[in-house]
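As written in TrEMBL, here are the features:
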TRANSMEM  B:15-35  transmembrane segment
TRANSMEM  B:42-58  transmembrane segment
TRANSMEM  B:64-86  transmembrane segment
TRANSMEM  B:98-120  transmembrane segment
TRANSMEM  B:144-167  transmembrane segment
TRANSMEM  B:188-210  transmembrane segment
TRANSMEM  B:274-292  transmembrane segment
Amino acid sequence: MKRRNMVLAVFAMVSLLALFGTQSVFAAPIKIGVAGSHTGDLASYGLPTVNAAKLVVKDINDKGGINGQKIELVIEDDQCKPELATNAAAKLVSAKVVAVIGHICSGATKAALGIYKDSKIVTISPSATNPPLTQSGEYPNFFRTIAPDDAQAKLAANFLTKTLKLKKIAVLHDKGDYGKGFAELVKQYAEENGIQVALFEGINPGAPDYSAVINKISNAKVDGVVWGGYHPEASKLVQQMKDKGMNIPFISDDGVKDNTFIEVAGKYSEGVYATGPTDTSTNPLAIKAIADHKKEFGAEPGAFFLNAYAATQALLNAIAKAGSTDYNKIVAALQSEYVDTPLGHISFDKRGDIIGFGFSVFQVQNGKYVELK
Amino acid sequence: MEYFLKLFLSGTAKGSIYALIALGYTMVYGIIQLINFAHGEIYMIGGFTALIFGGFFFSKGMPVGFVLLFSVLLSIIYAAAFGYTIEKIAYRPLRGKPRLSALISAIGVSMVLQNFVLLAQTEKFLSFPSYLPEFKWLQPYKEYINSTQLIILGVTAVIMVLLTFLIKFTRMGKAMRATAQDMHMAQLVGVDINQVISVTFILGSALAAIGGVLICSYMGQINYYIGFIAGIKAFVAAVLGGIGSIPGAVLGSFVLGWTESLGTGYISSDYEDAFAFIILIVILLIKPEGILGRTQRQKV
């Protein structure tokens, strides 16, 4: 009897120990994957994201982690190559990561996303801008802290319709991938908004004179001109338009939202509109993130650093708010919770695109680009 | 009709831009049968020189008329020195060698000069201030033509007349024509062909410099690469009009300008270059020597 009691007591202690054991499994770190191009030609696009994730995680861990758990990063390289991205994704899945910051390039991201989707892993990219990644609805686990490629054109088209209230426009482009891509999307969205696109033409970049096409625009009696392309042609166009006495709005893209445009076009640049990424240079969190980077790594941060910083913050915030590492709860928290990041006060929409950061419309006023609110 | 007139005038303005560069091309070709691919680069250097000196004079607070005159003069001298030197080091040693050698040398010079300006100045686009006066009386017609376009048109006409006069009626012109006809024979009768060819290059480069200042003033910007694009179009214009012929270069440039302008106006600017080259092919098929070119019989 006594002996039996002893056995029971030992059993109870062992099970108690076991309980402690499970408790310590609970306190194991939360693993977050960071995937992107860390070697090869495009390493400069991927490495700043690793640095950003490290900085944010260090901050959180110094404060005691999330819900008592520390964060641990698992870093995988994909060189921006889809075939390596699937390898990286498989490795991260077997390392049992809760979520992934990455990937960097749209193609690699797309290749890896299917694997994460099947394993229910939340993925936040700081840089993949390909529109279908969110818009196709195929990847409910995907989020991004950068505006998709078509956001700029959509913004420009809405600006034409709602702010400038134009009825009939001319759309010109430089026949290049970037300029023509922007022009085609603006045309599409403008027509959806009920604006008539009277003229859609490509012009030769570098030509000295555009007066013929300007005559054509003036003959078409449009009330606005959209330019898809870069600033050298934009400044010739605005100059030659104004010389002919045409004072209709001129709207362009972030290829023109460059101070060189104002330097070259001089007084002719006054009043020109251009869309471009929202200015974050005055955001105190952005200033702090950049200063931290300089302190920790001794250099200026690289491409997509702030986007990655915001992505990591948003993810960790969502895990904290969800109170668990459950996939559905993290997704719900990402879509409902707002968080203050270097990019601003952000959240995500149902498709996974960022809310609160993206493109803004700027106008040249007194020789400077001013963000229009 | 009004629309046609606008397009026609913008084609004329465009044509006179091409003509300013084409004149130098055609003159050099007319005398030594060399397509001087570096001509576009001389035009670009002319523009840059005027920009640099103009900026310097402006900063000293000199009046606009003075700045215009002296920066143009200095850019002419500078460009002429370039033309003279290029001929001496890159073309003269190849004289009498197969014509292809000089042509390749010309392409090489063009690349060297482009990269020289890229490294010595900047890869960026720079603003080019307008040194040219604006005519108040032209204001009501600004939809048709502006002051700079009118000045370019006028300068082109004056240069064409002066060049024709020089070649037809002066001693140097006579020597030039003799050199063009037969270099060896000209040498035998006492023409200093080295001097004649140097003068040709100096003149051609001076014209390019004038073109550089005027066209950059019109565009309002300058970059190391502008000479290449302008040079190609001017070359097409010169061939179209009959390369080697002075009035031909001007006519060819206008034909090119009108084709591009009307093609843009009535069809689409997407095909601007296509129109330019279609008209070139058509004219070369009908008249292989160009509109005003003279047939050169091969001597046996």
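Placed from the backbone N, Cα and C atoms, the Cβ positions cover glycine too.
Across B:42-58, B:64-86, B:98-120, B:144-167, B:188-210, the stretch most heavily in contact with the transmembrane segment (B:15-35), judged by Cβ pairs under 8 Å, is B:188-210. Counting same-chain residues at least six beyond the ends of the transmembrane segment (B:42-58), those with a Cβ under 8 angstroms from any Cβ of the stretch are 21, 24, 66-68, 70-72, 74-76, 78-79, 82-83, 86, 113-114, 117, 121, 126, 128-129, 131, 204-205, 208-213, 215-216, 222, 224-227, 230-231.
Across the candidate stretches B:64-86, B:98-120, B:144-167, the maximum count of CB pairs under 8 A to the transmembrane segment (B:188-210) is reached by B:64-86.
Through the fold, the transmembrane segment (B:144-167) approaches residues 5-6, 9-10, 12-13, 16-17, 19-20, 23, 27, 130, 132-135, 138, 173, 176-177, 203, 207, 210, 214-215, 217-218, 246-247, 250 of its own chain, all at least 6 residues removed from its boundaries and within a Cβ separation under 8 Å. Beyond the ends of the transmembrane segment (B:64-86), by six or more residues, the same chain brings 38, 42, 45-47, 49-51, 53-54, 57-58, 109, 113, 131-133, 198, 201-206, 208-210, 212-213 to within a C-beta distance below 8 angstroms of the stretch.
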